[in-house]
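Heads up: the structure comes next, in structure tokens.
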4 protein chains.
Amino acid sequence: MPSPSAALYRVAASGPADVSGVEALFAGGLDPKTVVAVLGKTEGNGCVNDFTRGYATSAFEALFARHGATGVSIVMSGGTEGALSPHWTVFCRAKVEAAPARALAIGVSRTPDMLPENLGRRAQIKLVADGVRKAMADAGIVEPGDVHFVQIKCPLLTLARVTETYARGETTVTRETLKSMGFSRGASALGVAVALGELDLDGIDDTDICNRLDLFSGRASTSAGVELVDHEIIVLGMSDAWSGPLLIDHAVMQDAIDTASVRAAYERLPPGKLAAVLAKAEPDPSGAVRGRRHTMLDDSDIAATRHARAFVGGVLSGLFGMTDLYVSGGAEHQGPPGGGPVAIIVEKATA
Amino acid sequence: MPSPSAALYRVAASGPADVSGVEALFAGGLDPKTVVAVLGKTEGNGCVNDFTRGYATSAFEALFARHGATGVSIVMSGGTEGALSPHWTVFCRAKVEAAPARALAIGVSRTPDMLPENLGRRAQIKLVADGVRKAMADAGIVEPGDVHFVQIKCPLLTLARVTETYARGETTVTRETLKSMGFSRGASALGVAVALGELDLDGIDDTDICNRLDLFSGRASTSAGVELVDHEIIVLGMSDAWSGPLLIDHAVMQDAIDTASVRAAYERLPPGKLAAVLAKAEPDPSGAVRGRRHTMLDDSDIAATRHARAFVGGVLSGLFGMTDLYVSGGAEHQGPPGGGPVAIIVEKATA
Amino acid sequence: MPSPSAALYRVAASGPADVSGVEALFAGGLDPKTVVAVLGKTEGNGCVNDFTRGYATSAFEALFARHGATGVSIVMSGGTEGALSPHWTVFCRAKVEAAPARALAIGVSRTPDMLPENLGRRAQIKLVADGVRKAMADAGIVEPGDVHFVQIKCPLLTLARVTETYARGETTVTRETLKSMGFSRGASALGVAVALGELDLDGIDDTDICNRLDLFSGRASTSAGVELVDHEIIVLGMSDAWSGPLLIDHAVMQDAIDTASVRAAYERLPPGKLAAVLAKAEPDPSGAVRGRRHTMLDDSDIAATRHARAFVGGVLSGLFGMTDLYVSGGAEHQGPPGGGPVAIIVEKATA
Amino acid sequence: MPSPSAALYRVAASGPADVSGVEALFAGGLDPKTVVAVLGKTEGNGCVNDFTRGYATSAFEALFARHGATGVSIVMSGGTEGALSPHWTVFCRAKVEAAPARALAIGVSRTPDMLPENLGRRAQIKLVADGVRKAMADAGIVEPGDVHFVQIKCPLLTLARVTETYARGETTVTRETLKSMGFSRGASALGVAVALGELDLDGIDDTDICNRLDLFSGRASTSAGVELVDHEIIVLGMSDAWSGPLLIDHAVMQDAIDTASVRAAYERLPPGKLAAVLAKAEPDPSGAVRGRRHTMLDDSDIAATRHARAFVGGVLSGLFGMTDLYVSGGAEHQGPPGGGPVAIIVEKATA
């Protein structure tokens, strides 16, 4: 009896355009058409002028074009501060001849195109929530509690989109491109929270977005990209309909040094080999961690998000004993202020 | 029966010149004359143009002058990357009416002035080794194995010192001020290793200094300062002749994520309250941690030492659950390449 | 017949706390009590965590205290990017036995303390305008057209000041310290514009402050400091009542490469020795200079103000053939967007 | 009577991979096969981890492949600090029906592959000198004095190349990749000097390379790239055999603010439209400009080369009234210490 099964490869990158490790996987027999998504950590600054993300994306687009793979979701997160290691995590799914047995399930979806006036407003939350439900269905996950990580790539406002919107007599939530990225990430994260039952859409006002930090999802990871006007959604969770050795769970770090929550999640998983860690990090907006001042928000030499990735990267690398973790910054409504979601995927030991 | 006893205060700093917390300790009854040393973490870049160290030092000098305290060793380490918190650690010692009972002992010494031609050479190693032995005697520590941390402030070469040396027909190990700091730190660390029996002076050549990275002390922490031509030495260890609730042990991290060694040292200490953590961090010179590439040494936007402090700061903060740790960079011959010494001081729980 | 006469010294600094050059002036006969103001360029980042300004200020305060000089206005501007050279410009005034002959005049004033609710609002504009008129009177300048540079140090909002204001039932223009600095600088600059007749107070609304960039003074240079709640004002201009060899004029750069305006102002002055250049610089908010894109506002590695100082520092250093210029960033309502005021002081050649 | 004629296009880039402006030129009738070279300024940091150069190069390679143009020399220089504007300068040459009339001539050549042991040594100087002479011949330039700018792309050492060299029993000038880039740039620049008669090969020792700063070419601009093992050479000069409206001259800035030399060169050219400015910049190694200290070499937050480009970019932009200049850093043996070559190309006004 065939069942869907997930596979995952963590591949080292010697630079932003180095896709040779993935090409080697294809040469070694991996079917490029089974690739669903690539989550990459590139060595840029992860901020406005980080061109390593675009460079990596164009290298992967060329790779997949050469191999006839289409529709792969490519999510690049810049910033490998500290000893974090640049790498690609390649997610695959295929039908295998194996009985279903509760395992990691991967689902994807795309929302309809979104009008610019809806960005950063309740309409985006609703649109994303519908998309997450669709990706859950694609993954064969019924219970929201079985979802452990939702990665979303969302659109942003450009000058042209803003102009066109006002020409139609509508308004946008902001006229600034950079701010629109935060609004889009934040609304998308709240969309995850609504789909997973963490929050009720009726309890969220337009003005709460990027404002009420107590509203968040413990399983959302969102990033904004200029190249799309819809949303690419990847859902990772557990499903009884899937098979394979991979299992996932998650923690919600309450602050930057909350290893207890992460350790507890790790211990809920069976013994095995660590396959991937996916986390969000941000500088505590209060300016302190457990009552002690940090200086990330006042440092005009290094962006606060770079500090946060380096530090939380250290916290998690120390705990997991490995440095090729996906630690991403910019965590509006993704976990509590100063904390963030952490998903852990293990390959269970075979008897 | 009176015995010497050590006290230690970790004091928050709201900025590089904020000594108000220490002033409050004095107002609250702490005798300024018992202060032996201050180890500070300031929020500069920890590199060449870090003026927060000088600013803090001048604020402390004025404070101690106002309070009639003399001979206090002031060691400022710049760089509170990530969530590391700027703070001062104030070390005191006083005679108390208590029977000796193995406890934290603090000893200090100063070496004779050093000629510039000896900097970064075997003569400096020998000079420092003698000084460390003197500080051990001052602390009442006989066994080298009872020493767990040696902080040294060492001189550097200035243009004037180099010129004067060559005028006398002698040579210096380098003509560059910045490089001389590394040589001085390295030779001082090797001096600690010799004093503590970790290395044999006869086995070290001049050319090994800052070159043979396999030679190191697991208990040295050294920094160079322009204001002195001798060495200020602070020895922290355990002594049967002292009393008080403080205890110290140390670990040698083998790489940036070696929490096992640190955890083991922490567990060797009895239960109690964490009083201080003193550590050295550096980017792994091999360019990788456990076989996975890091990008610290190739980042022309952020100094590698800043990356290393942020990351190792995260590793240790996650492990200890606290962010006001003394994590210092620039670790020539202080621990193995990419690793470093970590001293842990606890206040034992009273029954 | 005695007349007031201005003197000016440009003194090199080997570091933020190096006041030895000014001390040498005193040792050489300069009366410390004639010092009216010090404008300094220090080698910090000129942004939030630039502690070189406070370090320099405390060194000067100690210097003036040692020499019994009181009431000296100390203005420190961080940032000597590119080849700009750290230095102090010391402004003095004294009665001399010489007939008045149109020359550089210096006037100072302080406003009454300002309530926090007035910061960044029309009330501050009015308060500063009154203060500028008072400083003009102090300088013996009647015609606003004779004023060529007004340096203002203005207050900012702290958390405590905001809290206290709301406790009284009033509101502040912002709750954020950093933003309050911009509002205070902007309103102060508009106050200069009103006093000098460049703008009419009736034409300025509260909402125009830091918003309508077409409103500006061509002679204002303002900076915010946490240590004061009033305003320190220094007016530089020409007066028939003064004597001495110094003369001043000014230009308003229309963009970052507008050397024509500066050259014209320089040529309006008689031949002589360049004594000082005081300028403001900012990245063009349009994102372009003469239609060509710049990348200052998108660079997450280097603050835009640092880029602007380096570049405009180059423009002016190339033109004047000297690198110890006072080029300061943060130019809200100080010159047109992307441009800024430039004051030039020369010592006329004696026959 | 046909003659070769040069054309030159300065094209704005909205990002490192934006070749749309050049594509538009092709669409507008420019024959892609006439393109000889592209010199680009990209908005990276111009240092080790500047991936904008590789990103831009790959975008151009794809563009030229689509249009069937081969052998185009692509030279990318990172760093558009200050208001410098990212852009491409496209150099073309074609036969036109016009009588020869002294005009800008472009010649290119490639050297034979170079063995790694020759890098940074006299053998490289000789190899490059021969290549420059070949490119001069290709340009139809006989007199070295008619050459005004030589752009060279030279190889560097990689770990693999070093290992292979030592395996053959030879040695390399250094084992460090980064240092090898400086040696290769320096030896290449000296090769230009030898070819142009500025220096005599017999007077240069291996140990002079990157050491004796008084030896330099006033017309060389060199950059190292990992992708080649030979040298790509582009010579720009004046030739009686060419035709067209473009003319070139050059200056050698003696220090960072030497506008007099540049102005003189500009004035030697006939009136016309400025077509391109190509310059090298570096922080003065003495630590001062005209006796006044600069802080570029002590800034651990911003690379010294970034400071230098921003500042010299300002100097030249102020002088030329335009910001899309090719200002490149890393100037070993390219102009005097702290100064550098500046080539100016104008399109002469037609009657």
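Heads up, residue numbers simply count up from 1 along the chain you see.
Cβ coordinates are placed from backbone N, Cα and C, and glycine is handled just like the others.
Noted in TrEMBL for the protein shown:
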REGION    D:1-97  region 'RU A'
BINDING   D:ARG53, D:SER77, D:GLY78, D:ARG185, D:SER223, D:ALA224, D:ARG309, D:SER328, D:GLY329  substrate binding site
REGION    D:103-240  region 'RU B'
ACT_SITE  D:LYS153  active site
ACT_SITE  D:SER223  active site, nucleophile
REGION    D:246-351  region 'RU C'
BINDING   D:GLU282, D:ALA331, D:GLN334, D:GLY335, D:PRO336, D:GLY339  Mg(2+) binding site
SITE      D:THR305  site 'Important for substrate specificity'
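Site extent for substrate: among the recorded binding residues D:ARG53, D:SER77, D:GLY78, D:ARG185, D:SER223, D:ALA224, D:ARG309, D:SER328, D:GLY329, the largest C-alpha separation is 18 Å. Broken down by DSSP into helix, strand and coil, the region 'RU B' (D:103-240) contains 58 helix, 30 strand, 50 coil. Classification of D:GLY78 (substrate binding site) by DSSP places it within a strand. Residues near D:GLU282 (Mg(2+) binding site) in space but far in sequence (CB under 8 A, at least 6 apart, same chain), listed by position: D:ALA304, D:THR305, D:ALA308, D:GLY329, D:GLY330, D:ALA331, D:PRO337, D:GLY338, D:GLY340. The DSSP secondary structure for D:PRO336 (Mg(2+) binding site) is coil.
Secondary structure counts, DSSP: the region 'RU C' (D:246-351) has 30 helix, 36 strand, 40 coil.
In this entry, nothing among the recorded positions D:LYS153, D:SER223, D:GLU282, D:ARG309, D:ALA331, D:GLY335 has a C-beta under 8 A from a C-beta of chain A.
Residues D:GLU282, D:ALA331, D:GLN334, D:GLY335, D:PRO336, D:GLY339 make up the record's Mg(2+) site, and a Cβ search at 8 Å around their centroid adds D:PHE216, D:VAL252, D:MET253, D:LYS280, D:ALA281, D:PRO337, D:GLY338, D:GLY340, D:PRO341 from the same chain. In the structure shown, across all protein chains, D:ARG309 is the one of the recorded positions D:ARG53, D:LYS153, D:ARG309 with the greatest number of other Cβ atoms within 10 Å. If you average pLDDT over the region 'RU A' (D:1-97) in this model, you get 96.
Using CA atoms as reference points, the recorded positions D:ARG53, D:GLY78, D:LYS153, D:SER223, D:ARG309 were checked against D:GLN334 (Mg(2+) binding site), and the closest is D:SER223.
Among the binding-site residues D:GLY78, D:PRO336, the residue whose Cβ has the fewest other Cβ atoms within 10 Å is D:PRO336. Cα-Cα distances to D:SER223 (substrate binding site) place D:LYS153 within 10 Å, out of the recorded positions D:LYS153, D:GLY335, D:GLY339.
Helix, strand and coil counts under DSSP for the region 'RU A' (D:1-97) come to 26 helix, 36 strand, 35 coil.
Checking each of the recorded positions D:LYS153, D:GLY335, D:PRO336, D:GLY339 against D:ARG53 (substrate binding site) by C-alpha distance, the shortest gap belongs to D:LYS153.
In the shown protein chains, 29 other C-beta atoms lie within 10 A of the C-beta of D:GLY335 (Mg(2+) binding site).
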